[in-house]
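Below you'll find the structure, written out as structure tokens, and then a few comments.
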Amino acid sequence: MRFLTSLALALIALEAALALAPALNLPGLATCPELSSSSEDPCVISCVNDESCPQGTKCCARSPCSRSCTVPLLVPVPKAGRCPWVPAPLAPELCLEKNECSRDDQCRGNKKCCFSSCAMRCLDPDTEAPLQ
């Protein structure tokens, strides 16, 4: 009997600790995956909104008649500015450099992932309006 009481108290303490834990801060926008096209999905509503889901999940439509807590897809937030202008080479050149990035979210601070002569680099963005 003591074991069950201790186990119950431990579970209550764990639940309280998880409820007080700070939200997971991930860069980007959390979006729900696409709806399932399967006609076999049962019509079950297991959540009402994101607040009714465990931390790190969202309340998403899984089919036209069901909602459940789901791990969201993260879409990177676009960074401000645009990549600096790089003149094109007059003749093809061999590039021995390796790419440093492939997306803006792989660059620190406000830097953007931009083409720089022959490879992708994290560069400071141009914030001026483009010439017309």
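Cβ coordinates come from backbone N, Cα and C, glycine included.
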Among Cys65, Cys69, Cys83, cysteine joined to Cys114 by disulfide in Swiss-Prot: Cys83
Candidate cysteine (Cys107, Cys118) that Swiss-Prot pairs with Cys122 in a disulfide: Cys107
Cysteine paired with Cys118, where Swiss-Prot records a disulfide bond, from Cys95, Cys101, Cys113: Cys95
Second cysteine of the disulfide that Swiss-Prot assigns to Cys43, among Cys32, Cys59, Cys60, Cys65: Cys65
Three-state secondary structure, Cys32 (disulfide bond) (per DSSP): coil
Surrounding CB atoms that lie within 10 Å of the CB of Cys113 (disulfide bond), all protein chains: 20
Subset of disulfide-bonded residues (Cys32, Cys60, Cys65, Cys69, Cys113) lying within 10 A of Cys47 (disulfide bond), CA to CA, in sequence order: Cys60, Cys69
Cα within 10 Å of Cys53 (disulfide bond) - qualifying disulfide-bonded residues among Cys59, Cys65, Cys95, Cys118: Cys59
